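*Asks:* The following block contains the structure, expressed as structure tokens.
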Amino acid sequence: MAHSQVGIQLISESTEKTLAELIALCAEHNIIHNEKSPLALVQTDDRLELRKLDEPKLGAVYVDFVGGTMAHRRKFGGGRGEAVAKAVGIKGSALPTVIDATAGLGRDAFVLAAIGCQVRLVERHPVVFLLLQDGLNRAYQDEEIGEMLQQNLHLLNVQHINELDPNSDYADVVYLDPMYPHKQKSALVKKEMRVFQHLVGADLDADELLLPALQLAKKRVVVKRPDYAEFLCGKQPHFSHETKNHRFDIYMGASQC
């Protein structure tokens with residue numbers, strides 16, 4: 001199943017990786033150079049990053065599991081007490097296997113992997129897939145967390161969970177966090193998310209995720225939603241966990257959409 005073609009500026013600022021190498025990598029994922037795009041995928045010496053060239057103050061979007069907010073969250077966050085950990089059913093020694101079907105920048109998946117869950121990632125947008133792949137490859141080399149991530153966090157080479165076979169590719173939990181339109185002028189829309197949303201947009205076909213998720217999940221499907229969003233597929237969950245700005249809708253076992 002090929003990605004639909006994405007046009008974006010491709011730029012190399014790296015002394016080691018050439019523009020030709022970046023173009024070749026992107027071509028494998030149906031990403032082509034479009035010099036008129038306000039978005040750019042940039043290869044630096046350190047990482048692959050996404051920039052919105054007409055709004056440089058927004059900064060670059062990239063995946064970093066080793067430093068920054070993820071390091072702080074791993075060392076000082078709530079761990080098993082985090083809302084996402086409770087939502088997927090981590091309790092005592094129970095560590096469910098998880099498919100994160102809307103991986104994005106991998107943050108919730110990283111939290112679960114750091115606790116000890118085996119997490120498989122699926123990402124539908126090819127640019128985000130490459131950012132995630134780049135971040136994982138760098139993190140796998142890290143002395144402190146590389147071995148743990150190689151064991152617990154893997155990016156699957158599929159675009160949609162409907163490509164997975166429920167008879168062999170199942171997991172205890174399927175986690176869904178589809179992009180949802182933010183309220184107009186919301187102060188909560190971070191700079192990084194504005195760049196991300198310009199690339200990805202709202203997940204208009206998010207409802208199509210629920211049925212294959214229910215078929216793959218042995219124990220539960222967890223759907224993260226803004227507190228003002230309707231239920232995915234219009235389907236009432238068995239129960240919900242509410243946080244300050246979000247809720248986790250939980251569908252148990254063999255529910256059907």
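Glycine is no exception: its Cβ is also placed from the backbone N, Cα and C atoms.
A quick note: this is a predicted structure, and the numbers were derived from the prediction, not measured.
Annotations for this protein, taken from Swiss-Prot, read as follows:
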BINDING   Arg107, Asp108, Glu123, Arg124, Asp177  S-adenosyl-L-methionine binding site
*Asks:* Which one of the binding-site residues (Arg107, Arg124) has its C-beta surrounded by the most other C-beta atoms within 10 angstroms?
*Replies:* Arg124
*Asks:* Enter the number of other CB atoms within 10 angstroms of the CB of Asp108 (S-adenosyl-L-methionine binding site).
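*Replies:* The answer is 24.
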*Asks:* With an 8 Å cut-off on Cβ-Cβ distance and a minimum sequence separation of at least 6, pull the same-chain contacts of Glu123 (S-adenosyl-L-methionine binding site), or say none.
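*Replies:* Expected: Thr102, Ala103, Gly104, Phe129, Leu132, Leu155, Gln159.
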*Asks:* Over all pairs within Arg107, Asp108, Glu123, Arg124, Asp177, the annotated S-adenosyl-L-methionine binders, what is the largest Cα to Cα distance, rounded to whole Å?
*Replies:* 17
